[in-house]
Amino acid sequence: MLRNLSISIRLLLLTLLPILAVASIILIAISDMRSLIKSTESIYFEAVVPSRDIKFVSDALTVEMVNLFQSFHQETLTYSQLMSDLNQAQSTYQRYWASYLESIGNSEEELALSSDVAKLIERSQSLIADFTSQAESGALILMDFNSFNFRLNATFGPLRAGLDDLIEYQLNEASA
């Protein structure tokens, strides 16, 4: 068949066939890369972002709040500093908790864990409001150290555990 073609056409075919093969391989590779990028984005938005959001909520509520109240109780923080830092921590918690709630899937386990944590957050908000009013009146500084720590630990300990359970759930889902 090639014998019937002129030499210039044969050379042209021998040049174009490898170029077409390479171009086809490149197009297939680009398509595979797009698919891989979409999968990576999916993992990021379904696993990494919710875990990050929960971690920020945990840090704002269970670390920052406890540290702020302890610092105020030990009189190393003024009332105005306490309120400013509390408002900032509250803002952080609210932003990331709302972001997490938007990303919740339909899993019954995740919904149950999130519901439990929401109840614990409500409980922590009640303690924060109580401690804030006591801080304003000066009663928080006078509160017995053991009673103060007991109330903090009784409220924020279970909240931390609940948030840790949510993070663990996210990690398990990501690795499944």
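First residue shown is number 1, and so on along the chain.
Each Cβ is built from the backbone N, Cα and C atoms, and glycine gets one as well.
Values in this document were obtained by computation on a predicted structure and should not be read as measured data.
Annotated domain 'Chemotaxis methyl-accepting receptor HlyB-like 4HB MCP' per TrEMBL: 4-114, in sequence order.
Summarising the annotation, TrEMBL assigns transmembrane segment to 12-30.
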Treating G and I as helix alongside H, and B as strand alongside E, what does DSSP give for the domain 'Chemotaxis methyl-accepting receptor HlyB-like 4HB MCP' (4-114) in helix, strand and coil?
100 helix, 0 strand, 11 coil
Suppose you look only at the domain 'Chemotaxis methyl-accepting receptor HlyB-like 4HB MCP' (4-114); what would the mean pLDDT be?
91
